[in-house]
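According to TrEMBL, the protein carries these features:
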type     : residues : note
COMPBIAS : 1-17     : compositional bias 'Polar residues'
REGION   : 1-34     : region 'Disordered'
COMPBIAS : 21-34    : compositional bias 'Basic and acidic residues'
DOMAIN   : 33-252   : domain 'Anoctamin dimerisation'
DOMAIN   : 255-843  : domain 'Anoctamin transmembrane'
TRANSMEM : 266-293  : transmembrane segment
TRANSMEM : 344-364  : transmembrane segment
TRANSMEM : 429-457  : transmembrane segment
TRANSMEM : 477-498  : transmembrane segment
TRANSMEM : 648-671  : transmembrane segment
TRANSMEM : 701-720  : transmembrane segment
TRANSMEM : 808-829  : transmembrane segment
């Protein structure tokens with residue numbers, strides 16, 4: 001039940017005062033309790049005395065005194081008792097009165113009645129999922145309850161069986177952190193109200209860390225020896241955080257109970273996303289298999305690889321001066337490879353993914369709505385907005401005004417200050433996005449500049465004579481590899497800068513609530529990452545090879561003076577290059593990311609605790625063990641979301657070029673779930689529990705990417721692949737009137753007279769291959785232009801305009817079909833399941849009814865009438 005340890009009962013129960021006292025002689029340092037063995041450690045602060053010790057010591061003294069004034073109980077472990085002899089620890093316990101008071105303030109929902117609505121979870125063919133479910137003795141299902149916001153004055157209305165265990169540890173540490181964030185570290189008479197909060201004390205070095213304890217020691221693979229301590233971390237490690245559990249369901253209720261709703265909702269979303277990827281991966285694999293099975297039906301590749309056709313077609317140089325003439329047959333291998341992804345199934349898969357992404361988002365809304373109810377998150381956003389202001393907002397906003405809803409004075413930011421901050425923020429974001437685009441343009445200029453150099457150098461390179469790898473080592477490959485390395489370095493450098501800039505901008509805007517802060521930071525970081533990661537893909541898909549001109553009239557990047565001739569597509573076409581880039585980015589970054597996520601925290605923990613590993617656990621205290629772990633920082637969960645959303649963009653925005661992208665994402669996510677759970681459970685300090693009713697701003701980002709993906713895939717099929725030109729040729733320009741692709745290659749290549757080449761474009765002496773001689777008077781290039789000698793020579797033919805019209809018609813038809821299906825599917829699937837809607841209404845009704853009966857009964861007791869008297873009955 002919602003994380004609360006209660007016995008199934010409809011009464012109020014007896015109020016016990018906690019676990020029996022432990023013998024202090026046997027009470028080791030491996031404990032989550034104070035030295036008395038009764039009071040639980042809800043939070044730990046650590047500090048190290050340094051040269052500025054007197055000033056910091058005074059802050060700590062006042063701060064800890066203020067914490068005790070609000071009711072928290074503190075116990076200090078001197079540095080002489082710590083393993084390093086330098087670090088002191090302050091243990092904090094929140095007694096019942098404090099927990100009850102702040103549970104009332106934060107409107108934390110607690111149980112008041114056993115749920116009486118039948119749970120119809122039996123579904124058809126339910127037995128098929130049995131191998132993937134965890135058994136009940138592991139999941140520990142608890143009885144379901146109706147809940148209501150806690151009211152301290154009506155504590156006997158709720159099902160309180162034991163005060164010490166009524167609030168789970170995740171709720172306890174959330175309440176304590178709420179107090180720590182708002183407690184001042186200056187005396188009451190000091191006028192500076194800005195000097196408060198544990199966050200500021202951590203920033204100025206007064207304290208070195210603040211964290212709640214794990215319930216099991218660093219030896220998480222064994223149960224806790226303390227009979228009064230739970231072993232939830234052990235259960236999470238054994239049944240969730242190990243890779244061999246990859247085919248099992250996640251114990252989401254246990255994750256939520258231990259880490260809070262915010263982390264629980266992330267793993268719920270990641271698990272659901274991975275499940276839905278399975279269907280996309282199956283269809284994508286089928287489309288790839290179709291391309292493989294129709295390998296031998298690829299007529300245009302046969303013509304390219306034919307000595308009689310491709311071996312006799314001389315192509316124009318790909319760059320000025322340093323590139324010579326070449327034969328079309330050299331593109332044989334890349335042409336066959338391109339067919340695996342550029343076929344009729346690609347169109348079907350692009351349409352399917354447009355519908356799949358809609359189903360994914362709609363079904364996630366339903367799953368999220370069910371979690372909102374089961375985890376008591378219904379109406380949480382209003383509580384978040386009104387009751388949980390950021391301490392930074394409260395301290396920096398000195399002006400106050402009346403809240404018309406709560407009728408209380410609250411701080412606010414003047415509209416003039418807000419507008420000025422937003423304008424500065426927007427200008428900064430635009431500047432950094434422009435910087436990214438400038439870096440991408442720089443990389444493109446590098447590719448254009450060095451391609452000719454590589455073409456000249458590698459012509460006589462010894463590698464050209466190697467039998468196996470020789471043909472693969474080309475100027476195109478050398479240019480792409482070096483440019484990719486430069487682009488990767490730029491991305492990594494800018495990523496480090498983005499994070500700090502985005503945080504600085506968001507802090508400057510002074511968001512009102514934690515939810516608003518995270519949403520603002522999310523949008524900024526995603527904009528940066530979107531431009532950073534996808535710019536090169538957009539360039540290859542929609543710009544490379546599109547604006548190159550024709551022989552004798554080439555287009556240059558910065559004008560003809562720059563001599564940087566616009567890049568043409570690789571011999572196999574731009575689609576196969578886009579596919580290659582996606583494969584490298586998705587596999588390389590994901591493999592490296594998983595290794596980094598798992599290896600770096602482990603190495604840091606191994607190095608940080610190297611001295612204490614030889615100590616008995618009874619001497620290596622619980623707070624020291626957790627102190628040696630890594631910090632799950634403010635952006636810890638944010639980075640996980642960002643990584644997955646960037647991946648989501650790769651499998652939706654450009655999936656028409658690579659149907660196997662969902663399969664790669666599926667394999668990665670199966671590993672990602674276990675890597676994230678392993679590092680969170682074993683390598684990081686326990687994060688402060690936080691509430692979240694949804695995935696926040698990521699939901700709108702996913703919706704936006706889903707809409708954009710329909711447009712990008714339609715343009716990829718129309719303009720990047722050769723699908724539309726082939727169909728136009730087969731239905732309208734096949735000379736024999738047959739429904740086949742014979743003669744397509746000759747039809748798709750235009751002719752240019754070599755004698756008309758300007759001196760600036762002609763190859764230098766020695767750059768042409770040995771077979772080139774004066775008898776070759778023309779060369780071919782990819783375009784639809786009239787041949788030399790025609791009255792409209794080198795202008796576009798009517799076939800070009802027919803193909804362009806067909807491309808535009810395809811884009812319009814595909815977009816309208818997919819969007820109509822998307823909107824229809826979204827309309828057909830309600831966001832909230834009907835049974836959840838009924839439960840929410842039932843709970844609200846019961847809250848009012850039971851509160852009314854409770855007040856009437858209490859009034860009877862106050863008046864003193866017997867329960868069966870006529871007056872009492874009339875009352």
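Note that Cβ sites are derived from N, Cα and C of the backbone, with glycine treated the same way.
What TrEMBL says about a protein is an automatic prediction, not a curated fact.
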* Taking residues 6+ outside the transmembrane segment (648-671), which of them lie with a CB under 8 Å of any CB in it? -> 243, 246, 270, 273-274, 277-278, 280-281, 283-285, 287-288, 341, 345-347, 349-350, 353, 357, 530, 533-534, 537, 541, 575, 578-579, 582-583, 585-587, 590, 594, 702, 705-706, 708-709, 712-713, 716-717, 720-721
* Might you confirm whether the transmembrane segment (429-457) is in contact with the transmembrane segment (701-720), defined here as three or more C-beta pairs under 8 A between residues 6 or more apart in sequence? => no
* To do: Across the whole of the domain 'Anoctamin dimerisation' (33-252), what does the mean pLDDT come to? Round it, please.
  => 79
* Please give the sequence-distant neighbours of the transmembrane segment (808-829): residues at least 6 beyond its ends with Cβ less than 8 Å from one of its Cβ atoms. => 347, 350-351, 354-355, 358-359, 362-363, 366, 706, 710-711, 713-715, 717-718, 724
